[in-house]
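What Swiss-Prot lists as Cu cation A1 binding site is His161, Cys196, Cys200, Met207, and the listing cites similarity to another entry. Positions annotated as Cu cation A2 binding site by Swiss-Prot: Cys196, Glu198, Cys200, His204. Swiss-Prot lists Glu198 with the feature Mg(2+) binding site, giving similarity to another entry as the kind of evidence. As annotated by Swiss-Prot, phosphotyrosine applies to Tyr218. Taken from Swiss-Prot, the feature topological domain 'Mitochondrial intermembrane' covers 1-14, 88-227, and the record attributes it to similarity to another entry. Marked as topological domain 'Mitochondrial matrix' by Swiss-Prot: 46-59. Marked as transmembrane segment by Swiss-Prot: 15-45, 60-87.
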Amino acid sequence: MAYPFQLGLQDATSPIMEELLHFHDHTLMIVFLISSLVLYIITLMLTTKLTHTSTMDAQEVETVWTILPAIILILIALPSLRILYMMDEINNPSLTVKTMGHQWYWSYEYTDYEDLNFDSYMIPTQELKPGELRLLEVDNRVVLPMEMTVRMLISSEDVLHSWAVPSLGLKTDAIPGRLNQTTLMAMRPGLYYGQCSEICGSNHSFMPIVLEMVPLSYFETWSALMV
């Protein structure tokens, strides 16, 4: 869950988000080292009286500043590709949920059940109860079992939307006429909030997403009551 004046990313709830946090730290360290080196060189140039105005050729330096950036790019690309393949891999999902974006709400259909579907609208500010979050609460939460692989099929009925839940490391575009898919697995129970992350019209800011991750026994009870 995000909080005011937060500087870092949200706490990881899924294995994918944990990998993304590690990759963020890895890349940030490389950027910090490069920035420190550049700042050191600039400071050295401004403070030293040594100049090389007569230097016409420096093949050793050219070789270093060609090979070193290539190595740095490889160090960034390899873990990035690994995470991309992890995000694209879908193996035997335990549950499939179809998500459709609309202007301006989400609809959900549990395809493994015969008649389990609902729309999810944002709760207006004037109807919020004490402790509920402004612009993030919905009338129907998406209840899912924790510690199980869930496949999300995502599309749109009208314009471009984007289904995103930061703490799970999820962001998938909802495109009219196209069905995108992603997987999620939460390692602990709780409420996880997201929002539409593609500008989709005047009420784009009023399309929250709320996932309620629960133990399997609770999910089975909930699904039986909903059907």
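Any Cβ shown, glycine's included, is placed from N, Cα and C.
As the structure is a computational prediction, the values presented were derived from the model and not from experiment.
Here the features listed in Swiss-Prot are painted onto the structure.
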| residue | record | Cβ contacts under 8 Å, 6 or more apart |
| --- | --- | --- |
| His161 | Cu cation A1 binding site | Gly101, Asp173, Ala174, Cys196, Glu198, Cys200, Met207 |
| His204 | Cu cation A2 binding site | Trp104, Cys196, Glu198 |
| Tyr218 | phosphotyrosine | none |
Surrounding residues of the topological domain 'Mitochondrial intermembrane' (1-14) on its own chain - C-beta under 8 Å, 6+ positions past either end | 20-21, 24, 166-170, 184-188, 190-193, 213
Can you tell me how the residues of the topological domain 'Mitochondrial intermembrane' (1-14) break down into helix, strand and coil by DSSP?
-> 0 helix, 0 strand, 14 coil
Where Cys196 (Cu cation A1 binding site) sits in the secondary structure, as DSSP reduces it to three classes = strand
